[in-house]
C-alpha cells in the first residue's frame with residue numbers, strides 16, 4: 001500500500017496537476033542522491049523578497065561605493081538552507097554582462113576586473129550589499145543582486161552611475177577618422193572611456209550641443225543638438241539626440257564621445273616667459289613631480305574642481321587647450337567651456353600637469 005501511495009504521489013507531482021496540501025503545493029524536485037529518482041518535497045509557504053534602491057547610486061572614479069541589497073521572507077523566518085548571493089553586471093537591456101562575485105556564508109569569490117575590489121557587506125540581518133573599492137569608469141551600469149536558497153531564487157537591480165563629463169574628441173588627423181575600436185582607444189588614451197547613451201543624454205540635458213557624430217559604447221553613432229540648425233539634421237527637428245543607429249565597427253568612421261569622471265588628483269598650470277615646446281612641457285611636468293595632463297583630466301578639473309585659466313597649455317595628445325569657468329573678454333566665447341587651439345605642429349605654450357594626491 002505504501003509503494004502504491006508513493007507511486008500515485010509521484011505521478012501527480014510530475015504531471016500538470018499538483019496535489020493541494022495544507023494550503024500549499026507540492027514541489028517536484030530531483031532526488032539529492034543523484035540516482036535519477038524523483039521525490040516529493042513540501043513548499044514552505046514563505047516568500048523570498050529581494051530589495052534594492054529604486055533611485056540610482058552615484059559615485060565617481062577612485063571612490064568606494066556600496067550598492068545596497070537586502071532580502072527577507074514573508075512571513076518572516078530564518079532560511080533552512082545556506083544562502084548563496086550572486087552579483088552580476090548587466091547590459092542596458094538587462095541581459096547578463098559579467099559575473100562580479102558570488103558568496104556562500106563568509107566565503108566569497110570575485111571575478112575578472114572585480115578581483116580584489118569587490119566584497120559583501122553583511123552588517124545586518126539579511127543584508128547582501130556589494131562594496132566596490134577604487135571605482136573605475138567602466139564600473140558605471142546596472143548590477144543584479146541575486147539571492148538563492150535551495151529552489152528559491154529572487155533578484156533586484158541597482159543602477160550605479162558615475163558623476164562625470166562627456167566631451168567630444170577628434171584625433172590630430174581630423175574629423176571622422178576613427179572606427180569603433182580606434183574610438184575606444186583614443187578615449188582610453190585621454191583618461192576616459194567611450195560614453196554610453198545615458199551619459200550623453202545627461203550631458204545634452206546640461207547643455208552639450210555638438211554637430212559632429214561620434215561613437216558611443218554600444219556601437220551606435222549619435223550626436224546631441226540643443227539648437228536645431230540646417231547642418232545638424234535641419235531646423236524643423238526638435239532638439240535632442242540625433243542617432244545614426246548601429247554602425248560597422250571596423251569600416252565606418254566618426255568622432256568619439258568620451259566620458260571622464262572626477263579626479264583623485266589635481267590639474268595645475270606651468271609656464272615660462274618664452275613658453276615651451278611639447279617636449280619641454282612634458283619635462284616641466286616631470287620636474288614638478290607630475291605628468292602632462294590628458295584631455296579627460298582637463299575636462300574633469302574644469303567641471304569638478306572649477307579650473308579656470310585664460311592661458312593656453314599643452315596636453316598629452318599634443319593639443320593645446322584652456323578651461324574657462326567664468327567667461328570674460330579675450331577668453332573665447334560667452335559660454336563656459338574648454339577652448340581648443342587644435343594640434344599645432346609648432347608654437348610655444350604653457351602646460352597643464354596632473355598630479356595624484
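Each Cβ is built from the backbone N, Cα and C atoms, and glycine gets one as well.
Where the annotation comes from TrEMBL, it is an automatic prediction and has not been curated.
Just so it is clear, the model here is predicted, and its values are computed rather than measured.
Noted in TrEMBL for the protein shown:
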- 211-232: disulfide bond (DISULFID)
- 310-331: disulfide bond (DISULFID)
- 47-158: domain 'Ig-like' (DOMAIN)
- 165-260: domain 'Link' (DOMAIN)
- 266-355: domain 'Link' (DOMAIN)
- 1-15: signal peptide (SIGNAL)
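On its own chain, residue 310 (disulfide bond) has 322, 324, 328, 330, 331 as residues at least 6 apart in sequence with a Cβ closer than 8 Å to its own Cβ. Taken together, the residues in the domain 'Link' (266-355) have a mean pLDDT of 97 on the 0 to 100 scale. Note: residue 211 (disulfide bond) has non-local neighbours 223, 225, 229, 231, 232, i.e. same-chain residues 6+ apart with C-beta under 8 A of its own C-beta. Fewest Cβ neighbours within 10 Å among the disulfide-bonded residues 232, 331: this applies to 331.
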